[in-house]
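**Student:** Sharing a structure with you now.
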Amino acid sequence: MKVLWAALVVALLAGCWADVEPESPLEENLEPELEPKRELEQEVEPEAGWQAGQPWELALARFWDYLRWVQTLSDQVQEEVLSNQVTQELTTLMEETMKEIKAYRAELEEQLGPMASETQARVAKELQAAQARLRSDMEDVRTRLSQYRGEVQAMLGQSTEELRARFASHMRKLRKRVLRDAEDLQKRLAVYRAGVREGAERSVSTIRERLWPLLEQARTRHAKVDALATQPLRERVNALGQQLRGRLEEMGSRARSHLDEVREQMEEVQAKMEEQANQMRQQAEPFQARLKGWFEPLVEDMQRQWAVLVEKVQAAVGTSPTTPPVETK
């Protein structure tokens, strides 16, 4: 991983470093015989290649558009330059751009976990240098506007065509420098972001490669532990089931034996009761005969007395004799 980041930093240093080119004396001192109107009316060439996507790029695009409007040197621009409004607006846009660049850098640096600290410090230093160059260019624009404002105020009532021509030329150069350093910073941040993404992907891949065998081992070990833990439990359950089954069978056999004993005892009791009943019946028959012998004479005597009584009653009332009651046997 360290070798990868080292190669990435070398490529960044070799391919993206761009020093600010000093302006030539010829560009600093334009010949006064240049045609002022031609310089003022020359259209600003479009900046192909600049693509705004990140917040800092959008902020820089607003700075760029405002600077292009200032370069037109229209009457409104002249009024706002003299009132210091242009300088204030450029300062606001510049600070906003620097703030967005700083926030974007901080966001990328938070994602640099896999990068070595030495490599991270080197890359951060290069980004800081590119950011400083862009800030210097933007401050040069603001300084040049302040100088132009002072020169215009000093030449009130005089022709400022030559002054405006020089200012327009300087603004074109400054805009080119801003564009060049902005593109340089954009490339460095793109390489920085690509390195962060690649490092994160490699880290995830490395973690997956390292963790997958460990996960497989853990899964296999867990399966073995489950098997070992389940086997004794199953054997224990089977043993308990057999013990319970044996006890139930033993209790059932005991219950059946007890029922058989109870049944035998009941049969014995029943037999004894029948025997006793027969004995009592046999013993009662002589007693019954004896009682019958005792009461039959009394009954016959009572029947005779009843018949005599009835005859007397009939004779007294003069009715036919009534048949005496007959004992039903």
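Note: Cβ is positioned from N, Cα and C throughout, glycine not excepted.
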**Student:** Given 56-68, 69-81, 290-302, which one carries Swiss-Prot's region 'Specificity for association with VLDL' label?
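**Tutor:** In Swiss-Prot, the region 'Specificity for association with VLDL' feature sits at 290-302.
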**Student:** Which one of these stretches, 5-15, 16-26, 170-180, shows up in Swiss-Prot as region 'LDL and other lipoprotein receptors binding'?
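**Tutor:** Among 5-15, 16-26, 170-180, the range Swiss-Prot annotates as region 'LDL and other lipoprotein receptors binding' is 170-180.
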**Student:** Check the binding-site residues Lys176, Arg245, Arg247 for other C-beta atoms within 10 angstroms of each C-beta and report the one with the most.
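**Tutor:** The residue with the most neighbouring Cβ atoms within 10 Å is Lys176.
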**Student:** Among the recorded positions Met155, Leu174, whose Cβ has the fewest other Cβ atoms within 10 Å?
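**Tutor:** Checked Met155, Leu174; of these recorded positions, fewest Cβ neighbours within 10 Å: Met155.
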**Student:** Among all protein chains shown, how many Cβ atoms are found within 10 Å of the Cβ of Gly241 (heparin binding site), not counting that one?
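**Tutor:** Result for Gly241 (heparin binding site): 10 other Cβ atoms within 10 Å.
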**Student:** Let me check the 10 A CB neighbour count of Gln243 (heparin binding site). How many other CB atoms are there?
**Tutor:** 10
**Student:** How about long-range neighbours of the repeat '3' (136-157): same chain, 6 or more residues beyond its ends, C-beta under 8 Å?
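**Tutor:** Long-range Cβ neighbours of the repeat '3' (136-157): 20, 63, 67, 70, 78, 81-82, 84, 86-87, 90-91, 94, 97, 163, 167, 170-171, 174-175, 177-178, 181.
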**Student:** In whole Å, note down how far the CA of Met155 (methionine sulfoxide) lies from the CA of Arg247 (heparin binding site).
**Tutor:** 123
**Student:** Listed heparin-binding residues Leu174, Arg175, Lys176, Arg177, Gly241, Gln242, Gln243, Leu244, Arg245, Gly246, Arg247, Leu248 - what's their greatest C-alpha to C-alpha distance in Å?
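**Tutor:** Greatest Cα-Cα span of the listed binding residues: 104 Å.
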